[in-house]
Ligand SMILES: C[S@@+](CC[C@H](N)C(=O)[O-])C[C@H]1O[C@@H](n2cnc3c(N)ncnc32)[C@H](O)[C@@H]1O
């Protein structure tokens, strides 16, 4: 077993994380050791790590990757990691980009393995998913459960359909608050995202995602009323024509009970007859 740097010692030298900047550092060695193993089936030649923090996970990633690129917003932490891993930086195996991962250009990575800053989880996920590359990511447990949810459950929603449009979602490990320093207020979970084409076809991806978003704003209404009430969100001039084109059984269901493939069928019909603007 490789002797990795002690995460508590890294924090002692780098300085304590600031929760206001999403700085909850993982200090449980067993969790840190397991994270790269969830990417065993993926090509780990070039790992992207968003939010390197003090480098405890970076240390492990360097063991499975030929190259690691870290994007870290905090200039002090970016500099700390550059100095801490000076030898591998020098050898060209580690790049540390100081910047906002929502804005900087992404490198040509093969897999993203990160303990994400939770306040940007959604934006970062939907920046990564269209890249079509696999990922192993730490989220707030509640967010992870929504990503992996099944139709008909209270967790199932826009986030589920949008995520599963791009990838298979597996919640591979729940992580308690005590695994972090400082501890977050909520439990966490590691999610594995395996990209694949969806099992349905959509005629217009942007419209599909907008239509799903619109219907889920009315998740307790039936589909008939949800389509009528959200034409301004989905951008449809003729919602009634869609209602006329659908069968009664579908119209009586609630958006939260529709499978992604049914959303796709509805979106394709809406695009054809609903006069989208
Ligand atoms: C939850 S910590 C994870 C740190 C480390 N990887 C670990 O596992 O202990 C998230 C890190 O993301 C950084 N961060 C926050 N927002 C960011 C953003 N928009 N882009 C890049 N890094 C960000 C924080 O400074 C922090 O170091």
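Glycine is treated like the rest: Cβ placed from N, Cα and C.
Sequence-distant neighbours of residue 100 (S-adenosyl-L-methionine binding site) (same chain, 6+ apart, CB under 8 A from its CB) are 73. In three-state terms derived from DSSP, residue 100 (S-adenosyl-L-methionine binding site) belongs to neither a helical nor a strand segment and is classed as coil. According to TrEMBL, the feature S-adenosyl-L-methionine binding site maps to 24, 26, 51, 72, 100, 115.
The domain 'Ribosomal RNA adenine methylase transferase N-terminal' annotation in TrEMBL covers 31-197. The predicted model assigns the domain 'Ribosomal RNA adenine methylase transferase N-terminal' (31-197) a mean pLDDT of 98.
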Exercise. For residue 24 (S-adenosyl-L-methionine binding site), which DSSP three-state class applies?
Worked result: coil
For this session: Please report the number of other Cβ atoms within 10 Å of the Cβ of residue 72 (S-adenosyl-L-methionine binding site).
Result: 27
